[in-house]
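Q: My questions all concern the structure below.
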């Protein structure tokens with residue numbers, strides 16, 4: 001019998017990432033775990049619908065036995081079984097993030113006995129989670145370089161608080177892993193601005209695009225009007241295509257916050273990224289730790305290593321026989337497997 005790994009959910013940033021990473025790694029390695037103080041660092045601790053959906057999805061895919069899988073629970077015991085490929089559908093029942101549920105279960109399906117399709121309904125444009133376009137346009141091309149082949153499709157948008165969005169991913173088992181090397185970004189090829197609107201006046205998007213264009217030379221300026229029943233909602237994105245990587249940044253609009261202020265938040269974030277030669281942005285770095293660890297080798301450079309990143313590394317090192325090294329030089333941190 002494999003040893004039970006004990007995790008403290010209050011460590012590091014104290015959020016849901018500890019639980020999601022632990023679920024992924026437990027499914028892959030077959031190691032059971034117990035976690036206490038779940039989301040202790042949040043205003044509303046314990047399992048929310050999004051986290052509970054991730055737990056139940058993981059349990060279904062690998063026939064796990066679970067203790068503590070209920071709303072508000074701050075303790076969970078997860079004993080995994082065998083991962084099975086196939087077609088799965090999960091409903092969050094709120095505007096909780098579809099992509100974070102997918103992020104939890106897809107790594108295990110890289111090792112399944114056949115191809116899979118996972119569809120999740122819930123929120124698609126959440127200020128604290130990567131949108132589907134980030135997964136599709138930024139992360140998945142990098143996963144393909146590692147040898148991981150999956151394809152994400154956004155079927156319907158769902159903004160907070162109504163939700164109702166749908167995201168699906170098709171994934172194939174990994175034949176072999178390659179080493180990812182991401183150093184400097186290189187020269188910028190082009191930058192593209194995009195605004196999504198659902199039940200929001202078009203002039204909001206026009207003002208947001210104008211704010212972006214006031215700071216950057218945009219190759220494309222796209223405004224997409226979605227059906228009213230998918231909102232109300234508004235998201236502003238800016239994609240930076242460079243010689244060695246494509247990065248994408250976004251901000252979700254808020255009630256009583258002007259279009260100019262929303263877009264200015266995005267401008268600030270992109271300028272922060274461009275101020276460093278590092279290829280990888282703060283949020284992408286979080287997503288690369290697990291696939292790189294599974295490959296057993298690789299490195300990337302990031303200007304601003306987040307608490308999320310450090311927490312994720314700590315959890316990965318509990319489950320896998322790998323050690324990460326972080327070396328900071330001239331404001332750029334090199335993250336590598338030692």
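From the backbone N, Cα and C atoms, a Cβ is placed for every residue, glycine too.
Checked Swiss-Prot, it gives:
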| type | residues | note |
| --- | --- | --- |
| ACT_SITE | 308 | active site, tele-AMP-histidine intermediate |
| BINDING | 103, 283, 284, 285, 286, 287 | ATP binding site |
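How buried are the listed features, and what sits near them?
A: Mapped onto three states, the DSSP output places residue 308 (active site, tele-AMP-histidine intermediate) in helix. Taking all protein chains in view, 19 other C-beta atoms sit within 10 angstroms of the C-beta of residue 308 (active site, tele-AMP-histidine intermediate).
The secondary structure of residue 284 (ATP binding site), as reduced to three states from DSSP, is helical. Long-range neighbours of residue 284 (ATP binding site) (same chain, six or more residues apart, CB within less than 8 Å of its CB): 138, 139, 142, 247.
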Q: How many Å separate the two farthest-apart Cα atoms among the ATP-binding residues 103, 283, 284, 285, 286, 287?
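A: Between the most distant Cα atoms of the ATP site, 14 Å.
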Q: Using a 10 Å cut-off, grab the number of neighbouring Cβ atoms around the Cβ of residue 287 (ATP binding site), all chains included.
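A: 21, counting other Cβ atoms within 10 Å of residue 287 (ATP binding site).
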Q: What three-state secondary structure does DSSP assign to residue 103 (ATP binding site)?
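A: The three-state answer is helix.
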Q: C-alpha of residue 287 (ATP binding site) to C-alpha of residue 308 (active site, tele-AMP-histidine intermediate): distance in Å?
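A: It is 10 Å, counting Cα to Cα.
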Q: Around the Cβ of residue 103 (ATP binding site), how many other Cβ atoms lie within 10 Å? Please give the count over every shown protein chain.
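A: By my count, 24.
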Q: Let's check the environment of residue 286 (ATP binding site): how many other CB atoms sit within 10 Å of its CB?
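A: Cβ-Cβ neighbours of residue 286 (ATP binding site) within 10 Å number 24.
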Q: C-alpha of residue 283 (ATP binding site) to C-alpha of residue 308 (active site, tele-AMP-histidine intermediate): distance in Å?
A: 9
